[in-house]
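Features reported for this protein in TrEMBL:
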type: DOMAIN; residues: 7-408; note: domain 'Enolpyruvate transferase'
type: BINDING; residues: K22, N23; note: phosphoenolpyruvate binding site
type: BINDING; residues: R95, R124, P125, I126, D127, L128, D307, V329; note: UDP-N-acetyl-alpha-D-glucosamine binding site
type: ACT_SITE; residues: C119; note: active site, proton donor
type: MOD_RES; residues: C119; note: 2-(S-cysteinyl)pyruvic acid O-phosphothioketal
Amino acid sequence: MEYIEVRSGNKLLGQVKIEGAKNAVLPILAGALLADHGETVITNAPILSDVFMMNNVIKHLNTDIEFNEETNTIKINATRELKNEAPFEYVSKMRASIVVMGPLLARTGHAKVAMPGGCAIGKRPIDLHLKGFQALGATITQTNGYIEAKADKLKGARIYLDFPSVGATQNIMMAAVKAEGTTVIENVAREPEIVDLAIYLNKMGAQIVGAGTESIRIEGVSSLKGIEHAVVQDRIEAGTFMVAAAATGGNVLIQDGLMEHNRPLISKLIEMGATVTEEAAGIRVIGPKVLQPADITTLPHPGFPTDMQAQMSVLMTLASGTSVLSETVFENRFQHLEEMKRMGAKFRVSGNVAYIDGVLGFQGAEVSATDLRAAAALIIAGLVADGVTKVHHLEYLDRGYYNFHKKLQKLGASVERINDEVKATQTFN
Ligand code: UD1
């Protein structure tokens, strides 16, 4: 089993390059299924296990797909007749693969996808996705662990989402681009990844307006073509390095960082004592000597992102006072705190609120990542812990961070990725 070994002591200094956003490229890959002519070329695609997984799903649906990892480019030809089914072996490994349902329904009138289960951070139902498909005229059935959506012809409709779900917004948007007439989706997610998807779909020939606001309006078109698109930068990877800089009292430039995608995070970092400035080359974060406590509530964009919650809990533990952290997006996203307890964190959880006592430091320990962002948070905690920290379950980290340890090394951190088997053989020899 591989693990990451972290030793503290070094402030992070230098600059870091951020990849294309995982949460943007996954729906964009699914969107390539809509192109009935022409080739799709996706550039700035991050090299992540979730991306390989989505590529497998797309390939399984009878497309040609090629990932050039040297150039971060994925080429897709989806012009053949598509298959309709995304089987359990894929959906069970990555819930985000349900976002193929909308494009399949639009393109072929039939989508069959294994029912995604819950996951480490919550139950994560897909009722809003299905409600949207139904409003567009699809019939939904559920048998033997599969959800099926069928429609002879999708028709534009007015849809109100009870919650601004990111996945539901993307899935319904992609189902509606070829529906007859006008679709209006209200109370939609406003994340930058939604905006990137709309820009991409519009280049393909879709007619979408309002992405990034509370309401999206779509005029159906009859055909979409393959085009070239560069994936937007990963604001969560950028945010993770901002937190790492702040935690270590470092000075890091996030190359080409976009202030407007990270406003809620930046405002909290400043409140906690960090200096955050916009430069021509990106965003600079300078960590303070002493971090101040903060109150944070996660919310849909433009509120504070749930995907930055675990990393912020590290800063809160390092602060000089008690912080309050409320998680309102997912119902079970405090598991990383239990792991941080092994490293000396002190907190009390009541419902969806964690009261975190600033203990001004961590002790090195052996810990396990419980989800993707928890993996990054534990490594950041290790950067400032006394002694050695070993973080296990790197399969979570690899879903969303490319070469995380190498980027930290370049900033001066003492971080190694260790393959236990190799080490054991070397010791034996
Ligand atoms: C996406 C992101 C994930 C991020 C999350 C919230 C991707 C691949 N993943 O996940 O990193 O943490 O947005 O910003 O982009 N819900 C329902 N019914 C539904 C759909 C969602 O009740 O039909 C609930 C979920 O259980 C959850 C909340 O809505 O509590 C938010 O989920 P959603 O915005 O859909 O997140 P994802 O698209 O799954």
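Using N, Cα and C of the backbone, Cβ positions are placed for all residues, glycine too.
Neighbour list (D307 (UDP-N-acetyl-alpha-D-glucosamine binding site), Cβ cut-off 8 Å, at least 6 residues apart, same chain): I236, G239, R373.
Looking at V329 (UDP-N-acetyl-alpha-D-glucosamine binding site) and K22 (phosphoenolpyruvate binding site), their Cα atoms lie 19 Å from each other. Averaged over the domain 'Enolpyruvate transferase' (7-408), the predicted model has a pLDDT of 95.
Rounded to a whole value, the Cα-Cα separation of R124 (UDP-N-acetyl-alpha-D-glucosamine binding site) and N23 (phosphoenolpyruvate binding site) is 16 Å. For the binding-site residues K22, R95, the ranking by surrounding Cβ atoms (within 10 Å, all protein chains) places K22 first. DSSP gives I126 (UDP-N-acetyl-alpha-D-glucosamine binding site) a coil state; it is part of no helix or strand.
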